[in-house]
Amino acid sequence: MDAGNKIGSSAHPTSLPPGINGRASSGTLGGHLARRLVEIGAKDVFSVPGDFNLTLLDHLIAEPELNLIGCCNELNAGYAADGYARAKGVGACVVTFTVGGLSVLNAIAGAYSENLPVICIVGGPNSNDYGTNRILHHTIGLPDFSQELRCFQTITCSQAVVNNLDDAHELIDTAISTALKESKPVYISISCNLPGIPHPTFAREPVPFFLAPKVSNQLGLEAAVEATADFLNKAVKPVLVGGPKLRVAKAQEAFVELADASEYPIAVMPSAKGLVPEHHPHFIGTYWGAVSTSFCGEIVESADAYVFVGPIFNDYSSVGYSLLVKKEKAIMVQPNRVTIGNGPSFGWVFMADFLSALAKKLKRNRTAVENYRRIFIPPGMPLKHGNDEPLRVNVLFKHIQEMLSGDSAVIAETGDSWFNCQKLRLPENCGYEFQMQYGSIGWSVGATLGYAQAAKDKRVIACIGDGSFQMTAQDVSTMIRCGQKSVIFLINNGGYTIEVEIHDGPYNVIKNWNYSGLVDAIHNGEGKCWTTKVRTEDELKEAIATATEAKKDSLCFIEVFAHKDDTSKELLEWGSRVASANSRPPNPQ
C-alpha cells in the first residue's frame with residue numbers, strides 16, 4: 001500500500017437494509033467509518049459483538065465491500081488484525097467497551113511493538129452517560145469511564161473518543177491517518193447511540209482518502225549519502241544487514257537496489273526474515289550473533305564496515321547482549337535518520353530515498369561475498385534412521401522446506417519454531433511472519449487467520465508449539481468458517497520448550513491434549529477440515545502428500561509428536577545466553 005497515493009477510490013452510494021438510515025458510504029457516522037476502512041484496504045474486519053458495538057456492526061455489515069469476521073475472543077481478533085496488517089498494510093478489529101477493550105489490549109501492544117497500523121475500534125457508552133455520575137455495566141464499578149482509554153494511551157499512537165457527532169468526522173480521519181503515517185495502532189471509541197444518526201458532516205460522499213508523501217531534507221540527504229559513501233568506499237570488506245524496520249519504511253526495493261549496485265553480501269536480522277530476498281545471489285543468511293546461520297556471523301563480525309538497515313537491537317536479537325559488533329564500524333539507517341559510526345547523524349533523511357541515492361555512489365566490492373563463498377560448507381543432512389524411529393524435528397523441517405514456494409507463506413510461533421523456521425530458505429515471493437519483539441505465545445493462531453484472509457493467493461504454513469496452541473486454539477473455528485486452507489503443523493513435545501531452555505521448572509510442563517481430536521470437535525462436520533497424527537517420517541510424508549494434493553482445498557491440521565528434548569542447537573545456545581542476561585545480579589547501589 002503506497003501512502004503517497006490515494007488509497008481506494010471515491011465512494012459509491014449503496015442502499016442499506018431496513019432500519020438503517022442514510023447510505024452505506026455517506027450520511028451516517030457508521031457508514032463513513034465503514035467506507036474509510038474499505039478505502040485504506042482493511043476490507044476484512046475482525047470482531048466480537050457486545051451490546052455497546054451492535055449498532056455499529058450493523059453499519060459495517062451494510063457496507064457491501066466490507067466483510068465482518070466474527071472471532072471467538074477479542075485477543076484473537078486483535079492477533080488476526082495484526083496478521084492481516086502484515087499482508088495488507090493495515091488491519092482492523094471491533095470490540096465492545098472495557099470487557100472487550102481490555103481483552104484485546106495484549107494484541108494491540110504486540111502490533112505496536114511490530115510497527116503495524118491496526119485500527120482498534122470500540123463500541124463505547126451512550127453519549128448521554130459521559131459527564132454524569134452514573135455507574136455502567138462492563139466497567140469496574142466507578143463513574144469514571146476513562147479506564148479503557150488510559151490503558152490504550154500507552155500502546156497506540158493516537159486515540160479518539162467519539163461521543164459527539166460534530167467532530168466525529170475529524171476525529172476518525174485524524175486517527176486513521178495517524179495510524180498509517182506512524183505505522184502504529186490507534187484506538188477509536190464510538191458511542192453506541194451515534195452510528196446511525198444522520199449528520200450534515202456526513203451528508204456528501206467522503207473525500208477520497210489521501211496521505212501526503214514524506215520527502216527527505218534534500219541537503220541532509222546529500223550530506224548523509226556523501227559521508228556514508230566516503231566511509232564505505234574506504235572499507236575492505238563491507239556488508240549489508242537488513243532489519244525489521246525495512247517494512248515500516250517501505251524500503252525493501254531500495255535495499256535490493258543498494259545490494260545489486262554495491263555487490264556487498266546481504267544478511268538479515270532474525271526479526272526481519274521475509275523482508276530481504278533470500279534467493280538473491282549475495283544472500284548469506286541470518287545474522288543473530290552466536291546463533292547465526294552457518295558462516296554468516298563470521299562474515300558480518302569480521303567486516304570492517306557494516307550497514308544495518310532498520311535494525312532493532314534488544315536482548316533477544318542480540319542473544320543476551322552478546323553481539324560482536326562495534327559502533328565505530330557501523331552505519332545505522334533508521335526509517336528517518338542515518339548515523340555514521342561514532343560520528344555525524346543526519347535527521348529527516350528517509351530510508352528508501354537514502355538507500356537509492358547511496359546505490360549510485362558506492363564502488364562495487366565483492367570481497368566479503370568471495371570470503372563467504374570460500375569458507376562456506378553446506379549444512380549437513382539429517383542422519384538416516386529406521387522406519388519406526390520417532391520423528392525428529394530437523395527431519396520435519398527438511399520436509400517443510402520442500403513444501404515452500406512463491407505461493408506459500410510461513411507463520412512461526414514464538415518458541416523453537418523461531419529457530420527451526422529461521423533456517424528455512426525462502427523461495428522468491430514466499431511470505432514469512434513472526435512476532436519477535438513482543439514474543440507473545442499464542443499469537444500465531446490469530447495471525448494465521450488474519451494473514452490467510454488477507455493473502456488469499458498464498459497457502460499459509462503455520463508452525464505452532466503445543467503450549468502456544470493451548471492459549472488461542474479456539475479460532476481454528478473461524479479459519480474453517482472462512483473456508484481457509486492453511487496447513488498447521490502442531491508440534492507436540494509436551495511443554496513450553498523455549499522456557500525450559502531459559503529456565504526449567506514444573507510450570508513448563510502442560511497437560512497433554514488430543515490436539516487433532518480437539519480440531520475435529522471444532523470442525524464438527526461443517527466446512528472443510530482434515531486432521532492427522534504423525535509419529536514417523538513415513539507418516540509425515542504421507543500427511544504432506546495428502547495436505548498438498550487430495551486435501552489442498554481444506555484446512556489441514558497435522559499433529560506432529562516430538563521428544564521434549566528434541567530442540568535446535570540454536571535454541572540451546574540462545575536460551576543459555578538469555579538466561580544469563582536475565583539472571584545478572586543487581587549492581588551495587
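Every residue, even glycine, has its Cβ placed from backbone N, Cα and C.
TrEMBL annotations:
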- 1-22: region 'Disordered' (REGION)
- 29-133: domain 'Thiamine pyrophosphate enzyme N-terminal TPP-binding' (DOMAIN)
- 225-342: domain 'Thiamine pyrophosphate enzyme central' (DOMAIN)
- 435-560: domain 'Thiamine pyrophosphate enzyme TPP-binding' (DOMAIN)
- Asp466, Asn493, Gly495: Mg(2+) binding site (BINDING)
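When the neighbouring Cβ atoms lying within 10 Å are counted for each of the binding-site residues (Asp466, Asn493), the highest count belongs to Asp466.
Each residue of the domain 'Thiamine pyrophosphate enzyme TPP-binding' (435-560) gets a DSSP state, and the totals for helix, strand and coil are 58 helix, 27 strand, 41 coil. With DSSP states grouped into helix (H, G, I), strand (E, B) and coil, the domain 'Thiamine pyrophosphate enzyme N-terminal TPP-binding' (29-133) comes out at 52 helix, 21 strand, 32 coil. Residues in the domain 'Thiamine pyrophosphate enzyme central' (225-342) partition by DSSP class (helix H, G, I; strand E, B; coil) as 38 helix, 24 strand, 56 coil.
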